[in-house]
Structure formats: structure tokens, C-alpha cells
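Positions annotated as heme binding site by Swiss-Prot: Tyr276, Arg296, His330, Tyr332, Lys366. Swiss-Prot lists 1-10, 58-92, 101-117 with the feature compositional bias 'Polar residues'. Marked as compositional bias 'Basic and acidic residues' by Swiss-Prot: 25-54. The domain 'CRAL-TRIO' annotation in Swiss-Prot covers 251-426. The region 'Disordered' feature in Swiss-Prot is assigned to 1-119, 141-170.
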Amino acid sequence: MSAEPNNNQAKADVPEEVVEPKPTTVEEPKSTTVEEPKSTTVEESKSTTVEEPKSTTAEQPKSTIEQDPKPSTTESSPVQIDDSTPIPQITTEEPKPTVAEPSTTESVTAEPTTEQPQEAAVKLESVKEADAEAAAKLEATKDADVEKAASTSQHSVSFDKATKTHDGSPLSKFYSELPAILEAAEYNEMWGIVLDPSETHVQTSIVLEKFLRANAKDVPKAKAQLIEALKWRKTMQPQKLLESTEFDKVKFGNLGYVTSYNTTEGGKEVITWNIYGAVKDVKKTFSDVPEFLKWRAALMELSIKELDLASATEKIPENGPDPYRMIQVHDYLNVSFLRMDPSIRAASKETIQTFSMAYPELLKEKFFVNVPLVMGWVFTAMKIFLSADTIKKFHPLSYGSNLGSEIPNVAEQLPKEYGGKGGELKSGLTVKYSEGEASKTA
């Protein structure tokens, strides 16, 4: 920045005029344009000289100002500098070079120089060329900085879009939350799978993908549900219920089965059967809700064991169909909908709430068979209030024999009462039973 000197004081960054020994008016060629040096130090002395501009590197000059020297008459008396001459202001990003400023108490007198006008013109032209070269370098530096800034900005945007975690997908983000989830739950087993934070662990990815889909890919909601499900498993220990607990045969015998069938496409269809018409004493079966829930959880674990998730070798496609699901069949033959016992409602409500939390996205389709015609309208009316995804999974059937037409890829293997040619349902898998009045753990 230029300092404001006294009227009798020469200003910095203004080239001195070149004069003959005698007071003579020297006119510079009007066609000559001299560009002001970017950073020039003018030293004040008794004999004023114009120094070559020092090499100064600036990153981004705001502007380049050229100034034509005006003809002036120099006398032997002190030179008077026109205060109206504009002083170019140069702003750079680098620290400004220090300019030696004249003392406020000293007046500067320009003395005649012996240089010829042509020599001065050559020197000025040399200064001009040096300035042009410096300007070109500065422009190149500016372009490089702009390109670098653009590259940095693009990288930042890409990083934000990537959600700042792994590859940016909801599943990848869910993986990054898994260590904290396991620590919060103080448990790491889900459906026979020991959860592993490594993204290459196929079985863990299946579990996480199911919890994500149950929450519309909302990671915080899926995280909260997974923590709750892990805590529930830690307390309930459903695998031990399947392996070690003998349930009361009087209460739960013939109430639930699991079957597996090879499909015509080369896969496997797992079906869980709930035969509510087999209940002999409603109050005994449903009045103890915690006991009923344990029995139902053990049957569900048996179904998952048939799915064999722990040995799966392929992940669920991110936006593709889930091959790791089962079919459920609820048979209401001989069940009265008009005289529904409150204990049945309580047990059903608790089961629905618990299973939706602890076993998300394991249901492929659910068939309600042998539903009385008089109650068929209820399921039709439900379609008005249920989501499209839920409606696709629920199928009320008035007759059990119609089930085979709903599952054509395994129809012939189904029991005869369900439209197939297979063996009796009692030949299917079930939980352990005791002959006593209460369930007991072996």
C-alpha cells in the first residue's frame, strides 16, 4: 500500500522523469505504453534512479493497471509531482513487499540524469516486458489455483453424498453402527448367527438387510429395532427354548408344525403351520401369555433353522427379492370368530408385537385358511386400511383345499386336506413336548 507523502515529496511506484542536463522539455513518444511494475521499490536519494522490479510472486492479482507517463518539464528547482496522478493499488494473497518510505521531514529533489531519452525508453520497454512475463506467470498460477479449488470442492461434495461411511449405502452405514449396537445390547447372536462387523460376512449382511427393509432403509430406526431385538433374545434365549425346553403337550400338542418342500425351481419352501382348531382348552393354552409366547418363539426358531440362514453363502440383493423367507399358514377350522376368548386376543396381540420386532422380514406370505364365509368380508375390508406390501402377504381362504392353488411350486407335496398329495401334517417337525401339566427345561 502506498503512503500519502507531502506535496513536496515523490510518491512511491511512480517512475521518475528523464531530463537533459539543461532545463529542456522532453516528450515521451505518445504511442509508448508502460505497464506499472507489480511490486517496485523506489528508493529516495539525492540522485533518483529507477530500479529494476524485484521478482515478486503473487497468487491471484486482482487487476493489472497500466499507466502512461505524461510529458513534463523538469527544472533545476525541486520537482513538483502532480497529486492528481492515480496511484495503482495492487492486492495480492502473498505478504506485500516492504516499500521504503521517505521520511516526512525530508524533501526529495530530483536531479538531472545523463541518460538519453532512447536509453530510458529501452529501459522502460524492458520493464514492460518483465511485467508482462510476471503477469503471465501470475495468470497461470491463478488458473492452477482455480482448478485445484474446483477439484477440492468436488471431492467434498462426493464425500458428503457418500454419507461419510464406507460406500455410502444404507447397509454399509448400518455396518458402521454395528459395534455400537452390540455394545449397547451386550449380546451378539441373531437367528443362530453371531453378528460380525466385517462387511464380507454374508450371514450378518442378511440380518442387517432385513432390519433395514423393515424400516424403509432408515438406519437410525433399524439400529433401534436391532438393539431391542438383541436384548429380547438375550433375555428370552429362544434357541435354548427350542433345544432344551419341553412344552406341555396338553396345552400345545398338535398346535404347530414346520415343513420344508423342494420347489419346482430348485429351491426350498419352508412353511410354518398354526392349527388353532386343534386347541382343546382355550384357557389352558392362551391364559398364560408368557408361556404361550415361549412356545411360539421356539416354533419360530425351528422355522429359521430350516431356512438355514447360518449357512447362507449369498447376500440379499440391495434392491432385489429376498430369498430367505418363509410361508405361514393359520388354520381356523372349528374356531368360532363370534365367541373369541379374551385370552386369545391377549396372546395374539403379544405375539404380533414381539414377532414384528424380533423377526422382521422373515414372512413371505401368510394364508388364513378355513375362514368362515361370514367372516370373509373382514379380510376384504382390511385391504382399505393396510399398505400394499402388507396386503400382498395376506391371503384369506374359505377352504383349506384351496391352498395348493396358491402355492403351485409345492402344491403336490402339501397334505391332502390342503390340496396336495403329500403325507399328513403330523409328520412334520415340531418342538419338544412333555406329558406333564407344565413346560419344563431339560
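From the backbone N, Cα and C atoms, a Cβ is placed for every residue, glycine too.
Here the features listed in Swiss-Prot are placed on the structure.
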residue : record            : CB count, 10 Å
Tyr276  : heme binding site : 19
Arg296  : heme binding site : 23
His330  : heme binding site : 17
Tyr332  : heme binding site : 19
Lys366  : heme binding site : 16
Reduced DSSP assignment, His330 (heme binding site): strand
Tyr276 (heme binding site) - helix vs strand vs coil (DSSP): helix
Assigned conformation of Lys366 (heme binding site) - DSSP reduced to three states: strand
Where Arg296 (heme binding site) falls in three-state DSSP terms: helix
Whole-number mean of pLDDT values that fall within the domain 'CRAL-TRIO' (251-426): 89
